[in-house]
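Annotation comment: TrEMBL describes Gly153, Glu154, Ser155, Gly156, Ala157, Gly158, Lys159, Thr160 as ATP binding site. What TrEMBL lists as domain 'Myosin motor' is 59-246.
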Amino acid sequence: QTHIYTLFFSEKEQLVPATVNSCGDGTLVLTTDYGEVLYLQQAEVTRERVYAMHQSSIDGVEDMSALAELHEAAIMHNLYQRYQKDSIYTNIGSILAAVNPYKQISGLYDPERVDRYSKHQLGELPPHIFAVANECYRCIWKRHDSQCVLISGESGAGKTESTKLLLQFLSVMSQKSSGTPQSEKTTRVEQAIVQSSPIMEAFGNAKTVYNNNSSRFGKFIQLHFSEGGNIQGGCIIDCILIIYRK
């Protein structure tokens with residue numbers, strides 16, 4: 001019977017996920033999850049350098065706070081496994097990690113997905129940016145307090161698109177609360193806010209290695225909700241130019 005051993009091993013002071021191919025003739029042959037084949041002599045195999053991967057890392061988790069091994073290699077391995085399955089969203093407790101798929105994923109943001117997440121609390125469905133947006137919308141009424149979502153990441157990570165998706169979800173919830181038919185949504189305040197993003201981008205975007213439309217500024221978008229739950233207005237409080245220097 002053949003056994004496949006999945007493990008982490010230390011390479012140049014960095015842990016790397018790998019699978020054991022063979023261990024004959026005093027040589028351990030490993031294949032990393034990223035396709036590289038490595039050969040370790042028996043003397044190099046120590047408990048400090050090579051150890052078995054925990055089952056939670058092998059199976060993958062939706063919330064990485066549940067990982068038994070919480071280090072950089074385990075986090076990257078979990079994100080990589082989910083990315084391979086087009087699961088681009090992963091929770092880390094109350095934080096949502098999003099990996100830009102650089103492609104369209106069918107049904108990920110369609111109206112049916114919006115409706116589904118609007119009916120469930122955070123944690124009841126797989127990680128999604130709509131789950132975060134819905135939790136914020138619910139907490140406005142549950143805690144009677146303002147809510148804030150911080151979106152950060154490197155160039156091309158998808159910050160601008162994530163902002164648009166949050167606004168899209170909140171726009172739909174606003175329309176539902178006021179009983180507005182979908183056919184009339186183009187005349188409403190929330191739709192104007194959603195459509196303002198391309199205008200702002202035209203004033204300060206640039207091309208980078210990863211992104212043809214990279215924002216050169218930070219945006220603080222503020223939405224004002226009525227007691228009935230619909231958006232009554234909004235504004236962009238500040239624009240901060242980001243200057244890169246060598």
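Even glycines carry a Cβ here, placed using N, Cα and C.
Quantities reported herein were computed from a predicted structural model and do not represent experimental measurements.
By the criterion of other Cβ atoms within 10 Å of the residue's own Cβ, the least surrounded of the binding-site residues Gly153, Gly156, Gly158 is Gly153.
Mean per-residue pLDDT, taken over the domain 'Myosin motor' (59-246), amounts to 82. With the fewest other C-beta atoms within 10 Å around its C-beta, Ser155 stands out among the binding-site residues Ser155, Thr160.
Here the Cβ of Lys159 (ATP binding site) has 20 other Cβ atoms within 10 Å, regardless of which shown protein chain they belong to.
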